[in-house]
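Before any comments, here is the structure.
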Amino acid sequence: MSQQVIIFDTTLRDGEQALQASLSVKEKLQIALALERMGVDVMEVGFPVSSPGDFESVQTIARQVKNSRVCALARCVEKDIDVAAESLKVAEAFRIHTFIATSPMHIATKLRSTLDEVIERAIYMVKRARNYTDDVEFSCEDAGRTPIADLARVVEAAINAGATTINIPDTVGYTMPFEFAGIISGLYERVPNIDKAIISVHTHDDLGLAVGNSLAAVHAGARQVEGAMNGIGERAGNCSLEEVIMAIKVRKDILNVHTAINHQEIWRTSQLVSQICNMPIPANKAIVGSGAFAHSSGIHQDGVLKNRENYEIMTPESIGLNQIQLNLTSRSGRAAVKHRMDEMGYKESEYNLDNLYDAFLKLADKKGQVFDYDLEALAFIGKQQEEPEHFRLDYFSVQSGSNDIATAAVKLACGEEVKAEVANGNGPVDAVYQAINRITDYNVELVKYSLTAKGHGKDALGQVDIVANYNGRRFHGVGLATDIVESSAKAMVHVLNNIWRAAEVEKELQRKAQHNENNKETV
């Protein structure tokens, strides 16, 4: 009988570590809701003790996500576990994931400890986590380079202490699939109480083997796979969840397992993660790349036309990549837009219908027809600019030519005041940025600029993603418009608002800290 493999998503924790700029709470919530809609069993959404921002994101997601188990990471440190529990307690049920290194190298050089001390610490911390929840995951960091006898000792002790999931990470992407399968098999042979926990795997792609290692582990008995959408993560990335999920579906004949994933949401979730994280998907990426279902060879094209199964082991429709519909125009009403969003699986609570419809009408007047991908871009990329604003683009105008110096005039609303500046630059975008810098006096340093067409043809929406440095921190901004210069200006204004919000959060934290200090003095 087919057994279920639990899908544990760590896009918002391990995946986010690879990003050039941190995501906002609202951006993380958007991704979390998409993952919930896709049907992931568990989502690891942050490391609460690491920062107030991470704590807030975990708490916000734990409060709103209902159909997936929300999890937070904690080292084998008392404060980590206590803070993780505090951030998660708003959820009806939650998981705490705690970890400690087990390989001889890590124990000796990083922890400066012994295996016996590591086991003792693991037991204590698992028991501490169990005081808060009956769902505790324990990870043996660098398990791939841990002798099997040592690993078995740690695993047995953690299960006895109350761990309900034991995670075996290939932390540095070192093992071969046959080796990794051997580790899982070895644990089943050596750990007497292994039937009391679910065995999980967490692989990295340093040698390009993350998916292969995860599937080999599943074949050997692992029943949870951890990974990130699009394989994002530190260094070469994490195990690509969409690849593992579809491999399990397509090769059920060999693996004899299944997942609870809604496969129709894979493509949409992948695209959303790519857009929000500002990480384009390579065209040749398995499952979700733009070329994944493209056939350019004449022989292949002929074979596909005769029977798609000649060269396709799965269909675009199986991951939710359906034919684009041309059913919305400037004459479409608000109800029609809502109906189309409903058909695509989006809840009204995930977007602002009034704002979406206003943006839709403006775009429809310019383009004539509005596609599904246009609606998604307006609803979710545009949504990032709907957060409370201190800065707002009021007006811009540029003059440039092949032999002229680019000049930009910009009006920016700064709180209640509207300010204007004119500046020259190396091209129209640079001129606009110079004018904005003069208005705000922030003097941000542009680190990355990318432009992506959202749609097809000359009237496609242009999405500009930028990363900028300010006071030693990196901030991400996104802008969306049919005009590239306007998209660029909106992206910079988004960065400025993110900087302003970060400063406001810092002020609030300082205010609370001072308030607590005053209360202590009073007592």
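Placed from the backbone N, Cα and C atoms, the Cβ positions cover glycine too.
Here Swiss-Prot flags D14, H202, H204, N238 as Mn(2+) binding site, drawing on sequence analysis. Cβ-based neighbour count (10 Å, all protein chains) for H202 (Mn(2+) binding site) stands at 28.
Under the heading domain 'Pyruvate carboxyltransferase', Swiss-Prot lists 5-267, citing sequence analysis as support.
Positions annotated as region 'Regulatory domain' by Swiss-Prot, on the basis of sequence analysis: 392-523. Residue counts for the region 'Regulatory domain' (392-523) under DSSP, split into helix (H, G, I), strand (E, B) and coil, are 52 helix, 59 strand, 21 coil.
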Taking 8 Å from the centroid of the Cβ atoms of D14, H202, H204, N238 as the cut-off, which other residues in that chain fall inside it around the Mn(2+) site? T10, P169, T171, T203, A210, E226, G227, A228, G233, E234, G237, C239
Counting every protein chain present, what is the number of Cβ atoms, excluding its own, within 10 Å of the Cβ of D14 (Mn(2+) binding site)? 24
Over the region 'Regulatory domain' (392-523) the mean pLDDT stands at 84
Just to be sure I understand the packing, how many Cβ atoms besides its own are within 10 Å of the Cβ of N238 (Mn(2+) binding site)? 30
